[in-house]
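Per Swiss-Prot, these features apply:
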| type | residues | note |
| --- | --- | --- |
| SIGNAL | 1-27 | signal peptide |
| BINDING | 307, 309, 311 | Ca(2+) 1 binding site |
| BINDING | 388, 427, 435, 437, 440 | Ca(2+) 2 binding site |
| BINDING | 392, 396, 416 | Zn(2+) binding site |
| ACT_SITE | 393 | active site |
| BINDING | 427, 433, 435, 440 | Ca(2+) 3 binding site |
| BINDING | 443, 444, 447, 450 | Ca(2+) 4 binding site |
| ACT_SITE | 481 | active site, proton donor |
């Protein structure tokens, strides 16, 4: 059944040059490959690894800047120094390779370049091993960057609001930030305007308003939905408020209750007894888990879910039971598997709201919490009833706090695929009838065997399974839910093996699939990573974990080749 008609504006093609065997090893004999990947359009490196510099006693940031200054011609920095062209955003240690990871943002005369982020790995002996991320070239030659005439940010917000065509109630006050923006072959200054709202339908829009002319150059919605079929939630008259309704966290005693989920199965629930009520507030993990009731309205977060006897068996409770339980299981998967403490690896609370709107056929991550509709009973049942859906949406938050892949075009499709991969792995972790379908537990409840997407066979639901079959239009943010099928198929082949388009892949299992993609997403992917760059990052991640000459590295290469990504 065809679920959607989407398309993707794809980024430029890539050329890869691999040279000279294996570079010197990272710590603990984890190897770094010697690879150079060039962007064919701008002819500058976008992923380079190997023995890039000699060992020094310098700080990691200085090592990276020294290398970039020596390679100014390759990266087309012009007369600007590396120190003037990049701003260090984060410096962290990588336990796997005992290296230092430096994340950077490209800037031009102090103004950040949209989507141009880089990540570098410097070994403990002070040598640069990996530099990932596309650099915007020849900015000093761009005529529009010489134009200092700009409209005010407030005017840019006004233009974006006019283009939006509705007057929403904003969740966050609109703001406009100045960026250097690459608009096709033209580079200009643009205000990036963020409009975040829930009514009339959820939106977290980014508008790109040219700073001198006020022209709308681009716009897209970064609300991360599980499906692109986003119909506005129909609002009902607000239920009468309970005078005892609670929004803020409560203090009390940890308890264990029970409840029935959307599919009728019984689950144990970590709750908090405060006063005479039991709240869906789980204090037992490194991150507190909260579950709220929107009461069929579109106000967030709603009221903290409460019950009188710690038995959540009413039909209305089911969506909350699953949202609460599955959020905990998703936390457990990331903690047990990667020692990650919540979505930001720093114990951020996990907030979920159920009964959002009326008959709302979607679920989404809005940048700060999870939101689930009840479905209309035909297309969807309550969307919190799918553990892969919850794992999918919370993985968007993990990505937001690591690579921060832009939710448009190839980087957006990669973002979606990563969420499908880990949503599926969370389902396997909980061993709840696991499979390689997405949303099968909550999609078309009256039709057995149906799902939103299939990782084993994306074409089953109209999605491409090979790069040659990709969509090249602009709907759905450039087809983020459609072209994710290409990476989904690659991931399935990597885990399970098989022959696809004449390429045979030796499967390495789902656990190693997760390890490679988690490392690639947190260590090598950047905001604008394309499928081709993702291949390079995943190959290096496998080399870090299993060795440069390992079967796992070979399998990663095979799996990407099988879906036409080189």
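A Cβ is built for glycine as well, from the same backbone N, Cα and C atoms used for every other residue.
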Worksheet item: Which one is it: of the binding-site residues 309, 311, 443, whose Cα lies the shortest distance from the Cα of residue 437 (Ca(2+) 2 binding site)?
Response: 443
Worksheet, complete the sentence: Out of 393, 416, 450, the listed recorded positions, fewest other Cβ atoms within 10 Å surround the Cβ of 450
Worksheet, complete the sentence: Taking only the CA atoms, the spacing between residue 309 (Ca(2+) 1 binding site) and residue 427 (Ca(2+) 2 binding site), expressed in whole angstrom, is 29
Practice prompt. Using the structure shown, find which entry in 309, 388, 427, 435, 437 (the binding-site residues) has the sparsest Cβ neighbourhood within 10 Å.
Written response: 309
Practice prompt. Enumerate the residues of the same chain, 388, 427, 435, 437, 440 excluded, that satisfy the criterion Cβ within 8 A of the mean position of the Cβ atoms of the recorded Ca(2+) 2 site; list them in sequence order.
Written response: 386, 424, 433, 434, 436, 438, 439, 441, 451
Worksheet item: Looking at the recorded positions 393, 440, 444, whose Cα is closest in space to that of residue 433 (Ca(2+) 3 binding site)?
Response: 440
Worksheet item: To the nearest whole angstrom, what is the C-alpha distance linking residue 443 (Ca(2+) 4 binding site) and residue 388 (Ca(2+) 2 binding site)?
Response: 12
Worksheet item: Which residues, same chain and not among 443, 444, 447, 450, have a CB within 8 angstroms of the centroid of the CB atoms at the recorded Ca(2+) 4 site?
Response: 379, 440, 445, 446, 448, 449, 451
Discussion item. Using the alpha carbons only, what distance in Å do you get between residue 444 (Ca(2+) 4 binding site) and residue 388 (Ca(2+) 2 binding site) once rounded?
Written reply: 16
Item to complete: In whole Å, note down how far the CA of residue 396 (Zn(2+) binding site) lies from the CA of residue 311 (Ca(2+) 1 binding site).
Response: 31
Item to complete: Within 10 Å of the residue listed as 'active site, proton donor' by C-alpha distance: pick out those among the binding-site residues 307, 392, 396, 416, 435, and say none if nothing qualifies.
Response: 416
Worksheet item: On a count of neighbouring CB atoms within 10 A, which of the binding-site residues 433, 444 is highest?
Response: 444
Item to complete: Mind giving me a neighbour count for residue 311 (Ca(2+) 1 binding site)? Other Cβ atoms within 10 Å of its Cβ, every protein chain shown.
Response: 15
Item to complete: Between residue 393 (active site) and residue 435 (Ca(2+) 2 binding site), find the distance joining the two CA atoms and give it rounded to the nearest Å.
Response: 18
Worksheet item: According to DSSP, does residue 416 (Zn(2+) binding site) fall in a helix, a strand, or coil?
Response: helix
